[in-house]
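One structure is given here, and the rest of the page talks about it.
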Amino acid sequence: MACSGCSCEARELVAELCRHFYAQGWVTGTGGSITVKVNDPTVPLADRLIVMSPSGVQKERMVAEDMYVMAADGKVLSAPVAKPWPNKPPKCTDCAPLFMKAYLMRGAGAVIHSHGIETCIATMLIPGAKEFRVTHMEMIKGIKGHGYHDELVIPIIENTPYEYELTDSLSEAIAAYPKATAVLVRNHGIYVWGESWINAKTQAECYHYLLDACIKLYQLGIDWTTPEHGSINNPRRPHSILSPEICNGCHAADSSKCVVLDIEGTTTPISFVTDVMFPYARDNVRKHLTSTFDFEETKEDIKLLRIQIEDDLQNGVAGAVPVPPDEGGKEEVINSLVANVESMIKADRKITSLKQLQGHIWRIGFQKKELQGVVFEDVPVALKNWHASGIKVYIYSSGSREAQRLLFGNTTYGDLRKFLCGYFDTTTGNKRETRSYFEISQSLGVDSPSQILFITDVFQEAIAAKNAGFEVIISIRPGNAPLPDNHGFRTIKSFSEI
């Protein structure tokens, strides 16, 4: 295959990036890899040629001629010529199937796989955790879709003997974390993608900085998972990161280290959700889709909705209607999407595609001051008291993480996010499944699930959390559904009773 100007430029770029990342210590020992889409504006990004670095080649010595060129579907179009001994025979990177997942599932323009030591050590700090979380650090702003106040959540998958064996778990993580632009591999490294090589490189640098900073904070005994970054070793604080000395000092008589709160019917009146939030999303879905149809964020929302709707149609879900392809015209696509979304809202479905879109619609509502979060009057006092006592408080709601942050960041009592340490949504799992609460306990890093107090108004959620070992209290608020007789749980009407 002849080398076109665009592909030659991309080959030179990958070789240059390999040399640069080698100097950073990210791709030593021939480890790590880089791939970019060829920059050809005349071709849609999804259809552009792909350039990938080879396997087993010293990254600091790579040149353009060492690169592989592939079609958009991953078929090799051009391979490097073999070099004399002691060089190995040419072989495309073992990361190729994982890179293709990022291209196909995220519409990426470039993907970087780093073996930087900080990406490896960071996954060891909380053994068994499925996520790495950090908040209130300036470099979080360099990650797409995040700001200083946001919590950055990086999924962690388990390592395997061979790189290609990671493909399924990587794709599952990409699907489960729609906002993620990186996946950590325990004891191994990190995959980072972006819409262009510049975006991917910038984010990779920010991820490495943040992970390195968290490791240094750990060494200093400072907790990076909370807004105030207090001391890990403070016995009044919960221990999401526990040193051996602290673990040995913990006793069964200790009270809960963490509190996990439901929103609807627990911190917030059900009527606010059903009579204000849901109608706002329903009444503005057409306007939102029409005005943002060509935005990348909305394209991702539509992609998730298409997948969900296709599944609904196959399963005969009432209210599901086919969505025509984009070629059918913007108006027809929007009409069908609106019909599906309205049906989903009416059925109060707890699905990620709907919750993500609702969160984006609500964001505009909060920005325009058309919405203001509502919480019960005892909630701000309890959050402040827990925070002062060193109790970490998290939210677990079917609403998206973004929607949760918007609600608590814009309440009638002001911004309450400073009292919250993190957010969980349906990407963690169904709230009525025990496995979801097990995942949360692994993420929080407590010695025992019994150190987590979960407060909800839903009996089935209480059962699931109890089966995972959580301490559980059921919230009795105006408008909540009645509980079964002899349900066996402690109940409260106000957080002041805790």
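Note that Cβ sites are derived from N, Cα and C of the backbone, with glycine treated the same way.
The region 'Methylthioribulose-1-phosphate dehydratase' annotation in TrEMBL covers 1-223.
Here TrEMBL flags 12-215 as domain 'Class II aldolase/adducin N-terminal'.
Around Cys95 (substrate 1 binding site), the same-chain residues at least 6 positions away in sequence with a Cβ under 8 Å from its Cβ are Ser33, Thr35, Met52, Val111, His113, Glu163, Tyr191. What TrEMBL records for Cys95 is substrate 1 binding site.
With a 10 A radius on its CB, His115 (Zn(2+) binding site) counts 20 other CB atoms from all the protein chains. If you look up TrEMBL, you'll see His113, His115, His188 marked as Zn(2+) binding site.
Annotated active site, proton donor/acceptor per TrEMBL: Glu138, in sequence order. Neighbours of Glu138 (active site, proton donor/acceptor), defined as other CB atoms within 10 A of its CB across all chains, total 11.
For 259-498, the entry in TrEMBL reads region 'Enolase-phosphatase E1'.
Sequence annotations record features per position, and here TrEMBL assigns Mg(2+) binding site to Asp262, Glu264, Asp457. The Cβ of Asp457 (Mg(2+) binding site) lies under 8 Å from the Cβ of Asp262, Glu264, Gly265, Thr266, Ile270, Ile474, Ser475, Ile476, Arg477, Asn480, Ala481, each of which sits 6+ residues away along the same chain.
Residues annotated as substrate 2 binding site in TrEMBL: Ser397, Ser398, Lys431. Under 8 Å, Cβ to Cβ, and six or more positions away along its own chain, Lys431 (substrate 2 binding site) finds Asp262, Lys350, Tyr396, Ser398, Thr456, Val458, Glu461, Ala464.
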Cα proximity to Ser397 (substrate 2 binding site), best match among recorded positions His115, Glu138, His188: Glu138
Considering each pair of residues in Ser397, Ser398, Lys431, all listed as binding substrate 2, report the largest CA to CA distance in Å, no decimals. 8
Checking the binding-site residues Ser397, Ser398 for other Cβ atoms within 10 Å of each Cβ, the smallest tally belongs to Ser398
What is the separation, in Å, between the Cα atoms of His188 (Zn(2+) binding site) and Glu138 (active site, proton donor/acceptor)? 26
If you measure between the CA atoms of His115 (Zn(2+) binding site) and Glu138 (active site, proton donor/acceptor) and round to the nearest Å, you get 24
